[in-house]
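Asker: Pasting a structure here, questions to come.
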Amino acid sequence: MENEDGYMTLSFKNRCKSKQKSKDFSLYPQYYCLLLIFGCIVILIFIMTGIDLKFWHKKMDFSQNVNVSSLSGHNYLCPNDWLLNEGKCYWFSTSFKTWKESQRDCTQLQAHLLVIQNLDELEFIQNSLKPGHFGWIGLYVTFQGNLWMWIDEHFLVPELFSVIGPTDDRSCAVITGNWVYSEDCSSTFKGICQRDAILTHNGTSGV
């Protein structure tokens, strides 16, 4: 009986240990699932934080150190180092380049050389130019008829201003604080870029 009892006791203990070990292993899948879920949550938080920081960085690029103008209940924003006026942004280059090179630089900034629409805009640009400084604008002479044309393919309205100097099919226009002059397009001057301002309404970007 002792051997039999001893055998039964040992067998019972082994069965208990086996059940306990099996129970312990059965908890591992749940543990790993919880760990996986927690890891996914942490990764998601990092991703959302990165998106949020990127959004605010982009927003700061257009809102920090710039003027904000309100027109008809809307706000207009320009990138850093651009001037804001009547829903448009203006950038005055610091590099001397040809007319075509200046236009190419403006295009890379998602803009174009200045196109003056009215006398108010003309006055704003001339007041913004430093004394003695010249700037390329988006005005050139056509190959036919020696007519002045803007880069948006509209002809210059004589009532807006007159271009001073001789003209030919290689002429482009530069502006100063007082006048607009005809110059050879291969000459080098600083360019004036123009683009539409970013429209916002009630603090929400329109783009």
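Note that the numbers count up from 1, one per residue, in the order the chain is shown.
Glycine residues also receive a Cβ, built from the backbone N, Cα and C atoms like all the rest.
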Asker: Disulfide partner of C193 per Swiss-Prot: which of C106, C172, C185?
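Answerer: According to Swiss-Prot, the disulfide partner of C193 among C106, C172, C185 is C106.
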Asker: By CA-CA distance, flag whichever of C106, C172, C185, C193 among the disulfide-bonded residues is nearest to C78 (disulfide bond).
Answerer: C193
Asker: Around the Cβ of C89 (disulfide bond), how many other Cβ atoms lie within 10 Å? Please give the count over every shown protein chain.
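Answerer: Within a 10 Å radius of the Cβ of C89 (disulfide bond) lie 24 other Cβ atoms.
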Asker: Mind checking which of C78, C106, C172, C185 has the fewest other CB atoms within 10 A of its CB? They're the disulfide-bonded residues.
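Answerer: Result for the disulfide-bonded residues C78, C106, C172, C185: minimum number of other Cβ atoms within 10 Å at C185.
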